[in-house]
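What follows is one structure encoded as structure tokens, with my remarks underneath.
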Amino acid sequence: MPAAPKQRKIAIVGSRSVGKSSLTVRFVEHHFVESYYPTIENTFSRIIKYNGQDFATEIVDTAGQDEYSILNSKHFIGIHGYIIVYSVASRQSFDMVRVIRDKILNHLGADHVPLVVVGNKSDLKSEQRQVSLDEGRQLGEEFQCAFTEASARLDYNVTKAFDLMIGEIEKSQNPSQPAGGSKCILM
């Protein structure tokens, strides 16, 4: 008899218009939403298979944050990990990653939480890019967390972002188990 799925809850956070909902809908419903409708908050569910184990995952797609917005207490209760999304075409959204991470750490009173930083919209033309791949990697290294670029439009690295999140959660829950040799996974 297969083991029961482990329950995991992930919050998707980031500035407005970075593609948080697009990443989530692409991952859960396997399609890309062309039009933009600001999200208030949605919750999605999907089973993620990671290292042979099923994870019943609840994904909380939050409204966009800015430095003055307050993350709701619902964004902390029972959350196992955070995917912080920025747009590679927005320097401001990249700069907000640090602010959002600090808000999460301060609210939880923690030095480290399971995080994945995702640079979304990697399909945009190079002249639209304001944040380099190396800058994203360096931020992941600084935060000691996983990092990847992704494109919800092209379905590039979307599943990888969620797999990395489960990996970061599992690493934090089972610190004695090696997770590929280092604290940070760069893709």
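Just so it is clear, glycine is given a Cβ too, placed from its N, Cα and C backbone atoms.
Given the structure is predicted, the values throughout are model-derived calculations rather than measurements.
In this structure, Ser22 (GTP binding site) is part of a helix by DSSP. Cβ neighbours of Ser22 (GTP binding site) (same chain, under 8 Å, six or more residues apart in sequence): Phe32, Val33, Asn120, Ala152, Arg153. The feature GTP binding site is assigned by Swiss-Prot to Ser17, Gly19, Lys20, Ser21, Ser22, Val33, Tyr36, Thr39, Asn120, Asp123, Ala152, with similarity to another entry given as support.
If you look up Swiss-Prot, you'll see Ser21, Thr39 marked as Mg(2+) binding site. Other C-beta atoms found within 10 angstroms of the C-beta of Ser21 (Mg(2+) binding site) number 23, with every protein chain shown included.
For 36-44, the entry in Swiss-Prot reads motif 'Effector region', with the evidence type similarity to another entry. Note on the motif 'Effector region' (36-44): its mean pLDDT in the predicted model is 79.
The feature S-farnesyl cysteine is assigned by Swiss-Prot to Cys184.
In this structure, Tyr36 (GTP binding site) belongs to neither helix nor strand by DSSP; it is coil. Within the same chain, residues at least six positions away from Tyr36 (GTP binding site) with a Cβ under 8 Å of its Cβ are Ser17.
Secondary structure at Ser17 (GTP binding site), as computed by DSSP, is coil.
Between the CA atoms of Lys20 (GTP binding site) and Thr39 (Mg(2+) binding site) there is a gap of 9 Å.
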